[in-house]
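Right, one structure below, let's go through it.
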Amino acid sequence: MPKPNHSTAPLPFPILIGDIGGTNARFSILTDAYAEPKQFPNVRTADFATIDEAIQKGVLDKTAVQPRSAILAVAGPINDDEIPLTNCDWVVRPKTMIEGLGIEDVLVVNDFEAQALAVAALSDENRERIGDATGDMIASRVVLGPGTGLGVGGLVHAQHSWIPVPGEGGHVDLGPRSKRDYQLFPHIETIESRVSAEQILCGRGLVNLYNAICIVDGIQPTMKDPADITSHALAGSDKAAVETVSLFATYLGRVAGDMAMVFMARGGVYLSGGISQKILPALKKPEFRMAFEDKAPHTALLRTIPTYVVTHPLAALAGLSSYARMPANFGVSTEGRRWRR
């Protein structure tokens, strides 16, 4: 019978590596510490009833390599051996996975722990710097990812290792500051009467913000898809869309600056995910860094902290692979999150 295990021993190779999102799941297999990961086509979560079926048909049926262990990054709380995912119907059951897929050892981590692991060693070709600050590259870092929601993860450097710190930073309060904010915020969709950062800084939040602008300006909204809003904004073809993305960048800068102070992230703040990559031209305009640095009495500190957009297409898998190769370099907690045959 598989059972929870708190061992910090390295996962045995070959290792199945998975990044499980709400819409897509991405998988690779790492055969040893020196090999490049073998990548598999993305799996649509809606196409399979369970994650076990997706792994079997999307990975194991397509290779002769049988993984001995697995490390999976999931969006959702990891409290026991039945782990429901936040944005899809799958439930991760490590014990069932061990019994049914021939895997000996399963470790499950938070999706933004994986993103944090990735930013420990991103090369310049996999990140785009915003602003002039360079920071301290062996200091703590933080990663924010506006996507389906707003993920936040810290990466603390201590005792010669990188320690990922998961959390729910995307649900901090986000309040109005400017005159325009006070016009718009009464029209932002709330959760139990509060506006959290995630109510604006994600895909649906972009639509919330666009709709609020349309209401205040007395115009008919014509777009319901975040991709349409960003496309029109970057093309300059719709005034409301342009303001939406500009304010999105401002609010993201405010929250990113807050997180930089929380983690004392002298090593940098990293923006991950498809939205950050798509609106990179807007983030490079002054509004983002101005909002990021506007943190009196600590403006001087924020000016020294670099900000980046992660451009690596598979950052979470890269982070998990780094951990799988050299676990001694990372302080990843396995308590209550690792199961062995």
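Placed from the backbone N, Cα and C atoms, the Cβ positions cover glycine too.
For GLY21 (ATP binding site), the count of additional Cβ atoms within 10 Å of its Cβ stands at 21 [all protein chains shown]. Residues or ranges marked as ATP binding site by Swiss-Prot on the basis of sequence analysis: GLY18, ASP19, ILE20, GLY21, GLY22, THR23.
There are 12 other Cβ atoms within 10 Å of the Cβ belonging to THR23 (ATP binding site). Apart from GLY18, ASP19, ILE20, GLY21, GLY22, THR23, the residues listed for ATP, the same chain places the Cβ atoms of ASN24, ALA25, ARG26, THR45, ALA73, VAL74, ALA75, LEU85, CYS88, ASP111 within 8 Å of the centroid of those Cβ atoms. For ASP19 (ATP binding site), the Cβ neighbour count at a 10 Å cut-off comes to 25, with all displayed protein chains included.
Long-range Cβ proximity for ILE20 (ATP binding site), meaning a same-chain Cβ under 8 A and a gap of 6 or more residues, is found for THR45, ILE51, LEU72, ALA73, VAL74, ALA75, LEU85, TRP90, VAL92, ASP111.
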